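Reading through the structure tokens given below for one structure.
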Amino acid sequence: MQKARLRKEMLQKRLGYEAADISRKSRQIAANFFGHFSLEDIKAVHVFLPIRLKNEIDTWPIIRKLQAEYPHIQVIASVSDLQEFTLTHHWLLPETELVENKWGIPEPRGAEAIPVEKIDMVLVPLLAFDQQGHRVGYGKGFYDRFLELCRPDTLKVGLSLEEPITAITDIHPGDTALDFALTPTHIYKFGN
């Protein structure tokens, strides 16, 4: 299936979920995350902050547990440049002030910038993904550009409310595949 059609269908499906469904599925994804990954060697995790108006996965259960129980891990969130479609990355502390940008994305204000090469793991928001680890986001390329800048050994972990489709048919050279995808009920590993 092509990305544009998939993007439209999955966003419409996600907007149909009740808040209680998003909360339950988000907690299940968080449980899968902490149950699957050994975080001993991870020093910095980039986490997307949920856009509530788009019924995104609530990543706050992951963020809070990382901050409370994994003091050796820096939690990092992005600030979007809406003209250049790029991201800068900032340390997210419990006391960090968050401000929504014009697209409704919460972003850290006044937080310390972190170089992308320090990031060991990226939690990637997904509208959809396929059985090969290709992904569909909102179509602006923010994460494509970001993931290209990451170290080759940075783990790319997609978070999805839905299970994978068989194949996304319009993959481009700039598309970076995931290493893992987590859904409420499954953990998928891609590549080697």
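The backbone N, Cα and C atoms fix where each Cβ goes, glycine too.
Per TrEMBL, the features are as follows:
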| type | residues | note |
| --- | --- | --- |
| BINDING | LYS3, ALA4, ARG5, LEU6, ARG7, ARG135, VAL136, GLY137, TYR138, GLY139, LYS140, GLY141, PHE142, TYR143 | ATP binding site |
| BINDING | LEU49, GLU56 | substrate binding site |
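Shown on the structure are the features that TrEMBL records.
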residue: LYS3; record: ATP binding site; DSSP class: helix
residue: LEU49; record: substrate binding site; DSSP class: coil
residue: GLU56; record: substrate binding site; DSSP class: coil
residue: VAL136; record: ATP binding site; DSSP class: strand
residue: PHE142; record: ATP binding site; DSSP class: helix
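With respect to their backbone Cα atoms, LYS3 (ATP binding site) and GLU56 (substrate binding site) stand 18 Å from each other. Each of the binding-site residues ARG7, LYS140 was scored by other CB atoms within 10 A of its CB, and the lowest score goes to LYS140. The binding-site residues considered are TYR138, PHE142; of these, TYR138 has the fewest other C-beta atoms within 10 angstroms of its C-beta. Most buried of the binding-site residues LEU49, VAL136, judged by other Cβ atoms within 10 Å, is VAL136. Of the listed binding-site residues LYS3, ARG5, the Cβ environment within 10 Å is emptiest of other Cβ atoms at ARG5. Between TYR138 (ATP binding site) and GLU56 (substrate binding site), the C-alpha separation comes to 12 Å. Within 10 Å (C-alpha to C-alpha) of GLU56 (substrate binding site) lies none of the binding-site residues ARG5, ARG7, VAL136, PHE142.
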